[in-house]
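**Q** I have a structure here, written as structure tokens, and I will follow up with some questions on it.
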Amino acid sequence: MLCRTNRQALKLTALQPLIRTFPRYSLRSYSNQSQEPESSSPADSKGELQNGKPKKPLSRVVIGSGTRVRKGSNQLPTRTVWRSLLIMILGGGGIAYFFQREKKRLEVRRQEKERQGIGKPLIGGPFKLTDMNGNTFTDKDLLNKFSIIYFGFTMCPDVCPEELDILAYVLNETNKDPNNKKLQPLFVTCDPARDTPEVLKEYLADFHPDILGLTGTYQQIKDICKKYRVYFSTPPNVKPGQNYLVDHSIFFYLMDPEGKFIDVIGRNYTGPEALEKVKEHLDAWRPSDAEDLPWYKNIF
């Protein structure tokens, strides 16, 4: 009897690795699995208790709560949609901005042509003056650059300093961006008897280093004022050293790189308003031999 028991123990020891490999089933569990599922009672179909707990209907089970979704499978379509929407918004905004800018540019250009049209008074023309450095300055020096010209005098108590402050503001703002077109600022005196080159140089240094002062003989000043439609007058019978005021027009004259008149900026403009007007003309200008194409043709 003892030997038989030992032999059974040895057999169990030899079969132990195989027993661990296969799952354990009891007769009760096997019989439960092999039995056909009974038809559910009305109570079970309505979500009644199952094993002591409420049975959750399939319609209320969260889809995907028990399954593992592959990473990124649901994110790619969402990212693609948002990326497409962003591209459409940016593209539409860019086209709208370009359209508005070109429309405004063509309108400004049309107004410039109207001011230069037949029957309009010609503003500008040949002249010869002396700058504050003692060099000759003529209308040829207006070519290949935008110029903004102001007529005044250094003994002006308030108006000229205020206008020169506006000019300095415009110059500072346009010079901030190296891509902007540069302006050549000119100050033409209406009082050549007192405004010598040395006086102009010292006076204009208080406003902006780029402003170039121009003077000349009384006849030269009278000639350029007439061509630019500038009114000025000095008191008669002025004695040397006597203080007096000069009446003159208060305008900035904007000239294009071909030496042609573009527009005037009056005293009612603030610094930011004058800057905006100058930028509009700088962006809108095209050479006279260039064709003004419709805005949509500039895209291609």
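Each residue, glycine too, has its Cβ placed from N, Cα and C.
This is the feature table in TrEMBL:
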type: BINDING; residues: C156, C160, H248; note: Cu cation binding site
type: COMPBIAS; residues: 29-42; note: compositional bias 'Low complexity'
type: DISULFID; residues: C156-C160; note: disulfide bond
type: DOMAIN; residues: 118-287; note: domain 'Thioredoxin'
type: REGION; residues: 29-59; note: region 'Disordered'
type: TRANSMEM; residues: 81-99; note: transmembrane segment
**Q** Out of C156, H248, which has the highest number of nearby Cβ atoms, where nearby means within 10 Å of its Cβ, if these are the binding-site residues?
**A** H248
**Q** Need the DSSP three-state call for C156 (Cu cation binding site) to compare against my parser.
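**A** Where C156 (Cu cation binding site) sits, the three-state DSSP reduction gives coil.
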**Q** Using an 8 Å cut-off from the Cβ centroid of C156, C160, H248, can you name the remaining same-chain residues around the Cu cation site, in sequence order?
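**A** Neighbours within 8 Å of the Cβ centroid, excluding C156, C160, H248: F151, G152, F153, V159, E163, C190, V246, I250.
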**Q** With an 8 Å cut-off on Cβ-Cβ distance and a minimum sequence separation of at least 6, pull the same-chain contacts of C160 (Cu cation binding site), or say none.
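**A** Spatial neighbours, sequence-distant, of C160 (Cu cation binding site): Y150, G152, F153, T154.
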**Q** Over the domain 'Thioredoxin' (118-287), work out the mean pLDDT and round it to an integer.
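**A** Here the mean pLDDT over the domain 'Thioredoxin' (118-287) amounts to 92.
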